[in-house]
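Lifted from TrEMBL, the feature list:
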BINDING   Val88  FAD binding site
DOMAIN    86-109  domain 'Glucose-methanol-choline oxidoreductase N-terminal'
DOMAIN    259-273  domain 'Glucose-methanol-choline oxidoreductase N-terminal'
Amino acid sequence: MTSVSDTFDYIVVGAGSAGCVVASRLVKDHGATVLLLEAGPLDDNMLIHIPAGAVKIVFGKSPYIKRYTSTPQPALEGRAVDIMQGNVVGGGSSVNAMTYARGSKDDYDRWNTLSGDAGWGWDDLVPYFRKQEGNVRLENAAHSGDGPLKVSDPAYISEAANIFVRTLQKLKVPFTDDFTGGQLHGVGYEQSTTFRGKRRSSADSFLRPVIGDERLTLVTEARANRVLFDGQRAIGIEYVKDGKVHQAKATHEVVLTAGALATPKLLMLSGIGPADHLAQFDIPVVADLPGVGQNLQDHNEVFLSLSTKGPFGYFGEDAGIKLIRNVIQYYAFGTGPIASTGSETMAFVNLDDPAGPPDIQIYCIGLMWPTLTVKPRNAVTLLANLVRPLSYGSVRLKSALPEDDAEVDPNWMSDPEDTRRLLKALKYLRTIVATAPFIDIVEEELSPGQATTDDAELVEYMKATTQSNFHPVGTCRMGRAEDPTTVVTPDLRVKGIDGLRVMDASIMPRIISANTNATVMAVADKGVDLLTGTYTGRVAAAQ
């Protein structure tokens, strides 16, 4: 960290997937001075950069993960759930499973409709995806091999993954070699943000090249308390570092990239949000925006864990002779189980209308799901992820104290249609298991257990075990200025405030039908063009 001044051209809050893009471009392309604040530490732990380390980080007690425990969920019989967010430089891109996905063309065209035909459709975002992407295999109208964000095919594929792909094809799901060209339907092998056996996070790809630039000031382990205002203009940020309160000023703009759970909290602490909610905590209202913290969507999933008749996945690969062999293979060639994200394959299906837009994403993971309490063994887990949920939740304040987490209510399965589709998906996982060649490797169903067959029992199992895929979005929704539910206009300005923009997952009008990391980075890239006046694409007729 360089010496901290108190005045910068721009202040960016959150050095995650979006913030690394924003800060990098402002420094490198526009010569601006930037203060980049990050609540978590530096991304200097070896486990972050080794793909197989993701499982250890997510399911261990890692300082690089912030766990939000939800309010009791009525549709889950009062169970609270955890939603994890990256708490480190690089944010989610430093701790996620590295899946490179974009969702479908339909997702973005829905965005464009909701934003008033303002340049947020698929064709408008593809140039940003291509600009960032350095794909090792694909080069076409949707893909580029020239960008800084390296995207690779699996460095290792478990036998379970190959069997899964063959089985889905037996079930008439077509094979695809590209999940990111705008059409999702099919089964195939994932591409990931890895290169030569190492994770390529947003920090690696965008921030690292400018980290030594004197115009960038990165402050880690710093908590943003509130946005500072002069009337209706944002002029800076108050933050805490090492127990001391600091105030930094921005001569141009303040950009929030703290994510879909932290960004609305910071806005509300700053007096931007639903006036009645702010009044509960005696927070003076700067802008009455009822949409702040509303419209929360997330992908939640159900799983089927099975013991297998042999080593078809990853069990035992981290011990003994196998570990020695794997370490040698990894450091010599950048391949093998240590280079694997653990999730090499996936499928997208619509179980109600096979020709319709996929609403279920299925993963095959070559291990017993870590939340089970039975003795670890050779196993495989199938997960069904609801990627077009109809349930909406919220983010609210617990208090006016910045050190208190936000109150997060994902409200999963509150829409009965979500429950119906997840139940159908869980049954479909059993169809996969009962189909050759998958059936040939299965020993026993560990969870929910073969004795659980009644629909009511399966729904109870879902309520007891459904979990987040960690893709919260939508809490500062983008859209038309006249829409009372929106928070930012299509140029990502916070309504009613000058000098303040949001450029993270919270601006998504609707959740996309796949993993969100690539989309967040593309949104941030476009946001910088909008911020600096260099955007040359379509805009709404009147904003």
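Glycine too: its Cβ is placed from the backbone N, Cα and C atoms.
TrEMBL: automatically predicted annotations, no manual curation.
DSSP classifies Val88 (FAD binding site) as coil under the three-state reduction. Per DSSP, the secondary structure of the domain 'Glucose-methanol-choline oxidoreductase N-terminal' (259-273) breaks down as 8 helix, 2 strand, 5 coil. The average pLDDT the prediction assigns to the domain 'Glucose-methanol-choline oxidoreductase N-terminal' (259-273) is 99.
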